[in-house]
Amino acid sequence: MDDKILVTRSSMPELSEYMDEISDMWQTHWLTNMGPKHKKFQAELREYLGVENIDLFTNGHMSLELTLQAMNLQGEVITTPFTFASTTHAIVRNGLTPVFCDIDPDTYTMDTSKLEDLITDRTCAILPVHVYGNICNVEEIDRLAHKYELKVIYDAAHTFGETYKGNGIGSFGDAACFSFHATKVFNSIEGGAVCFKDKRLGEILYELKNFGIRGAEEVSAVGANAKLNEFCAAMGICNLRHVEREIDKRKTVVERYRSHLEGIEGIRLNIIQPDVKSNYAYFPVVFEEKVFGASRAEVFDKLAENGIGARKYFYPLTNTFSAFNGKFDVTETPVALHISKRVLTLPLYADLPLEEVDRICKIIQECKY
Ligand code: T4K
């Protein structure tokens, strides 16, 4: 590897700690299919995330896709296009139709003032995204979901360990789906989880992640294979021991960025939300070219020239993907379009040296003139 600074870098335990955790697998030969590491990891996560029910999956995407399948939904799902491909794909791969709600210009999450107008008799669910770890307007989403009897599935891929008003973020909605991908605040190499309220939903999910197998001689649904293996569970168990410290270190990095970039005209930093315990998942910066004096592309290129890999999360919007053959009208989500054309997520990980943050900010400041 060269000495480039990339947008993130996976957190890992000491090698010896991981070796200790996996060593008994050489006695048991139990490698997957909901083994002892899976059970231990699941129990520890339930506690840490402050949720009633949780089940583990091979990744965040399958947790979303199978949750929608488990709910046996039909029709339209209201969601946002300012997200990773996974959110929209989970809807479409279930034969459901995404309906795109615009985002709030401050939090980049679903603009709930525009939500009710999109609800029709075809709507079956709402799939909002806590993007960058910013929490959606859960109260208003909950109110509208009750009013129209809609399911709510949160894409909580970015919100590991966050709380809102003291409650684990996985406890909102009918289900909340987490990602433990290598690039996330917390990882199990690959991995995901669904937190859910209804135990019956949990039973269906458990079957769906294992081909729909109900018992030795019964396959009751057309499921997938989305089981978290024991090596991934072991990585999760190790990383969970250190996650609080990792989040603290991320906070220090974020504060350093803020100390340099706050108040610069034409630069918009991520909002700090009241009542939210943040995990400092991403550091998005929106560049308003006319005021700042340089475009997102110019800043991106200048950083790249200096070996710094910022990313355009989330550009392009999912409702513009060629995969959908022009089926969606991007002009219906103008705020999302505006932000996606101007945002850059800057490098952020626990061990990012603060001198590198200083250097990144200096390069950005120099773009202004
Ligand atoms: N919903 C939302 C809102 C999501 O953002 C995601 C995933 C999902 C659902 C689905 O969850 P999963 O099924 O993935 O669990 C990455 C991740 O692959 C993806 O998990 C994530 N969102 C998305 C936002 O970012 P890429 O294609 O940008 O990743 P990549 O390979 O370019 O990696 C980014 C940087 O991370 C690298 O430059 C270096 C670092 N890295 C990467 C890998 C793979 C490491 O340090 N270690 C690694 O092993 O998608």
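Note that Cβ sites are derived from N, Cα and C of the backbone, with glycine treated the same way.
Predicted automatically and left uncurated, TrEMBL annotations should be read as such.
If you look up TrEMBL, you'll see Lys184 marked as active site, proton acceptor. Around Lys184 (active site, proton acceptor), the same-chain residues at least 6 positions away in sequence with a Cβ under 8 Å from its Cβ are Ala157, His158, Phe160, Ala281. When secondary structure is read from DSSP and collapsed to three states, Lys184 (active site, proton acceptor) falls in the coil class.
Annotation comment: TrEMBL describes Lys184 as N6-(pyridoxal phosphate)lysine.
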